[in-house]
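Reading through the structure tokens given below for one structure.
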Amino acid sequence: MPNELLTSFLGAIQASLSVLLVISYGVIAAQFDILKGDSTKQISTLCVRMFLPALLITNVGSQLHADTGIRYVPILIWGLFYALASMLLGYIMTRVFKLPSWVTPAISFNNTTALPLLLIESLSATGILDDLLASETDTTSAALNRAKSYFLVNAIIGDSLTFALGPKLLDGEEAPDKKKDEDQGKQDHRPARGTLFPHSGGSSAEAGNGHAEEDGHEDDDQDTEEANEQTSLLPGPVVRASLAAERYGYVQGKDKFEKFPKWLQSFLEFAYAFLHAPLIGAVTGAIIGLVPPLHKAFFGDPNSGGIFTAWLTDSVKQIGGLFAALQVVVVGVKLSSSLRKMKRGEDSGTVPWLPLTFVTIMRFIVWPAISIAVIYLFASRTSLLDNDPILWFAMMLMPTGPPAMKLTALADVSGSNEQEKMSIAKFLCIMYTISPLICFTVVGSVKACKAAMPNA
């Protein structure tokens, strides 16, 4: 028993250090100017807009069948429960102990995508997942793919709540409104960009930079301008006609929207905040997975009707596989930028020990203890969860880990001052440095899952 526990612990340590090393590679790339701020934002945007939806389509679509879709319902319920419970607890603690406003989203939103995906791959390499196979015919590769799909479905909950409720939790209700009022006159004659394709790690102001670029294309003397990478390859009349149609549609839609009752406008704006690229990818994957003819065409054997498997599905799978490692490298670059600012002493904010300790305890002790106990009881005493130890293991890990790097983007959106942004940057540096603490949760989860297995 002690040797078995030591083996699991060493495997978890190795997996955690692997993730930390990938983060450090991003730091190294930034230190040697291989990656810089602007390119990092573009890579992060590419990851969120293209790679993550592709990963969701292939993983969720391949794992989701008409007869297995029910196993994802507990994940959605569990993800929504712990996220809302974290928000409520963070809000109460922030108000009671007069903590900085960023503590609430720091508690509410943990890293639900890149970090757990990379961790589960590292755990597979150490052999820990071999003890959690569902049956004798199950394989580590199949278990790894199921675990990825579970984490990705849970990530949809976290991403949606982050972009929809995050700015309000950061006490920035007034800032976006002020910014919206200032930009209202500029946006009257062009389509507004919502959160359908949000910039990961960027602010709403950064997202608005795309408007400035678009305005350059709307000028009538566009043809006389020097061509660059933003110049459309379509003929001038086609470009002008498409822009005119787009502008007309926006103006007409805006007029119709303003005729709606105020409560309906508020509801539609709130609902639209939940619409983003990863959600579209997840819905697309779910549709493909749940419709048998589509599932067969996209994921079936090429010799048995899988007409898209060998070329279209495989290409989407290839770019989806780039997401986890690349996004974690971006995290390292962002942390390096924060460390440089700290070294130069630019608007150096402080990280009070109380919120740091509180978030650490919540994310690495309290939530792991709650999730392991709750999921173990459901797995061993009820039939509400599917008989898949990998599912139990993934659900135990979901509330665990450092806060999401999107916390920096929320600070931009909510209009936080530079000192507060630096405090958040320092806080994230510390939290990701101590992220190997998750190894204790991994060991506890493995033991709990093995104890809940029928043949235990």
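Along the chain as shown, the residues are counted starting at 1.
Cβ atoms here come from the backbone N, Cα and C positions, even for glycine.
TrEMBL annotations: computationally assigned, not manually curated.
Bear in mind that the values here come from a model prediction, so they are computed numbers and not experimental data.
As annotated by TrEMBL, transmembrane segment applies to 12-34 (among others).
The transmembrane segment annotation in TrEMBL covers 72-92 (among others). Remote same-chain residues near the transmembrane segment (72-92) are listed as 64, 103-109, 112, 150, 153-154, 156-158, 161, 165, 169, 362, 367, 371, 375, 378, 384-386, 391, 394-395, 398-399 (criterion: CB distance under 8 Å, separation of at least six residues from the stretch ends).
Sequence annotations record features per position, and here TrEMBL assigns region 'Disordered' to 172-235.
If you look up TrEMBL, you'll see 175-191 marked as compositional bias 'Basic and acidic residues'.
Look at TrEMBL and you will find 215-228 tagged as compositional bias 'Acidic residues'.
According to TrEMBL, the feature transmembrane segment maps to 270-295 (among others).
Remote same-chain partners of the transmembrane segment (353-378), defined as residues 6 or more beyond its termini with a Cβ less than 8 Å from a stretch Cβ, comprise 74, 78, 82, 86, 89, 93, 97, 99-100, 103, 106-107, 110, 384-385, 392, 395-403, 427, 430-431, 434, 437-438, 440-441, 444-445, 448-449, 451-452. Per TrEMBL, the feature transmembrane segment maps to 353-378 (among others).
The transmembrane segment feature in TrEMBL is assigned to 390-411 (among others).
The transmembrane segment annotation in TrEMBL covers 423-446 (among others). Panel annotation: around the transmembrane segment (423-446), residues 5, 8-9, 11-13, 15-17, 19-20, 23, 100, 102, 106, 115, 119, 123, 128, 131-132, 331, 334-335, 337-339, 341-342, 348-351, 355-356, 359-360, 363-364, 368, 372, 392-393, 396-397, 400-403, 405, 407-408, 411, 416 of the same chain, lying at least six beyond its termini, place a Cβ under 8 Å from a Cβ of the stretch.
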